[in-house]
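Colleague: Pasting the relevant annotations from Swiss-Prot:
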DISULFID  53-69  disulfide bond
DISULFID  60-73  disulfide bond
DISULFID  68-77  disulfide bond
MOD_RES   52  pyrrolidone carboxylic acid
SIGNAL    1-22  signal peptide
């Protein structure tokens, strides 16, 4: 019974999320987040937004604004 209720709630949640994120047929990009909408208008913008990343061997962490280019940080970029 509990599993059935959990499955029912999960299906309702997924259905609601599909309707919330679905495109509007008149304005296809109206419901998308701001960053994604900008990337759809200018596809090269997503490539240009990869700024200020630290290369391998540079110091990284919570105090530094820029993240590692590869995404792996353990006090230094790996």
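Each residue, glycine too, has its Cβ placed from N, Cα and C.
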Colleague: Could you state the whole-number distance in Å separating the C-alpha atoms of residue 73 (disulfide bond) and residue 53 (disulfide bond)?
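Modeller: Cα-Cα, rounded: 11 Å.
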Colleague: Compile a sequence-ordered list of residues in the same chain as residue 77 (disulfide bond), six or more apart from it, whose Cβ lies below 8 A from its Cβ; state 'none' when nothing qualifies.
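Modeller: Once residues fewer than 6 apart are set aside, residue 77 (disulfide bond) is near 54, 55, 56, 57, 58, 60, 68, 69, 70.
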Colleague: Let me make sure I understand the structure: which of the disulfide-bonded residues listed (68, 69, 73) has the fewest other Cβ atoms within 10 A of its Cβ?
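Modeller: Checked 68, 69, 73; of these disulfide-bonded residues, fewest Cβ neighbours within 10 Å: 69.
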Colleague: Residue 53 (disulfide bond) has how many other Cβ neighbours within 10 Å of its own Cβ?
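Modeller: Neighbour count, Cβ to Cβ under the 10 Å cut-off: 14.
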